[in-house]
Amino acid sequence: MLRFDLLHTEGHARRGRLTLNHGVVETPIFMPVGTYGTVKGVMPASLEAMGAQIILGNTFHLWLRPGLDVLRQFGGLHRFENWQRPILTDSGGFQVWSLGAMRKISEEGVKFASPVNGDKLFLTPETSMQIQTVLNSDIVMQFDECTPYETSGHLTTEQEARASMELSLRWAARCKTEFARLENPNALFGIVQGGMFEPLRQASLDALVAMDFPGYAIGGVSVGEPKDEMLRIMAHTPHRLPAHKPRYLMGVGTPEDLVEGVTQGVDLFDCVMPTRNARNGHLFTRHGDLRLRNARYKTDERPIDESCTCTACNGFSRAYLHHLDRCGEMLGPMLTSIHNLHYFLNLMREVREALDAGRFEAFRAQFRADRARGV
């Protein structure tokens, strides 16, 4: 089940409401990433309390561990990880792509050695649909080949990008057929590919729209390309997708990227950045980024962000968090992860409120000014 209601627009920016089998998602929204069935260091109840409406799981990693027998026993991912709101699962295409020389791509699928135990595995569009059906994720992603920015040490050529994009389209058709055969009650999204070549992006988009997916994603960005190239594709693709269906920008990105994505018509975002950066002392605030490992914070009594209402900013000083990081105490990355996720989720809440009020452009200008001010 998927229903998308477009509530308001301002330029290309959209305010929407997405209804899925496990609940309603107000868009635009940021989706925390729970690769192995957990958003690292954060309890599900804490995620919900800070405003998370939908989270991610990873098909590839969950297939390897704990495996389908365990997930089938629990009736899917929701009960297994104690999260009763919507879940989106990636198809495994990006993870297979990231294996590099360890994998071999053919028309049929991808052969690779398991990074867990070295077993020889074969992942196909059909297998991906079967795994995601067991996971019972509300949004299922098609199995695709992530077109790299560089191929074998050189920039990916248009010919190489075309071959990759056309393979993903053939896989999309196979995913749609298998998804229907399985009678999966959830929603399958197609993924626009085409590298950094706008005509290929348009060709991919047109072919996927003709297949009539319930929603669409923009893939193959934030894969090593310069920021201006990513922004060019972000400006080209989202608003050309059907207005009455949700749009998802995969794996992006910084707070600035999210606001720019909303400007270009994106509804859904995900990225590991809030939690990964938190574990490395890189924190996001209203007034720019804070590098917690800097010695200047050793005696700083202020919270991470004085305007923030998260648990980490309610009674914990920068000095204390700096101390936890220096000592390798597990409470440190737990608190900083909560802060960064709260910041991203709150940013998107403010975006929605600005769109509701018809003042998104004014919000965007103030956001840029605040972030440029510095901590």
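Note: Cβ is positioned from N, Cα and C throughout, glycine not excepted.
Note that this is a predicted model, so its numbers are computed, not measured.
Taking Swiss-Prot as the reference, the stretch among 90-94, 105-109, 275-279 described by the feature region 'RNA binding' is residues 275-279. Checking the candidates His287, His322, His323, His339 against Swiss-Prot: the one annotated together with Cys308, Cys310, Cys313 at the Zn(2+) site is His339. Site annotation (Swiss-Prot, ligand substrate) includes Asp90, Ser91, Gly92, Gly93, Phe94, Asp144, Gln193; from Gly67, Gly118, Gly215, Gly220, the additional listed residue is Gly220.
A simple Cβ count within 10 Å picks out one of the binding-site residues Cys308, Cys310 as the most packed, and that one is Cys310. Of all the binding-site residues in the list Asp90, Gln193, Gly220, the shortest Cα-Cα distance to Cys308 (Zn(2+) binding site) is found for Asp90. Apart from the site residues Asp90, Ser91, Gly92, Gly93, Phe94, Asp144, Gln193, Gly220, the chain places the Cβ of Val96, Trp97, Met141, Gln142, Phe143, Glu145, Cys146, Ser168, Ile191, Gly219, Met250 no farther than 8 Å from the centroid of the site's Cβ atoms, the recorded substrate location. Each residue in the region 'RNA binding' (275-279) gets a DSSP state, and the totals come to 4 helix, 0 strand, 1 coil.
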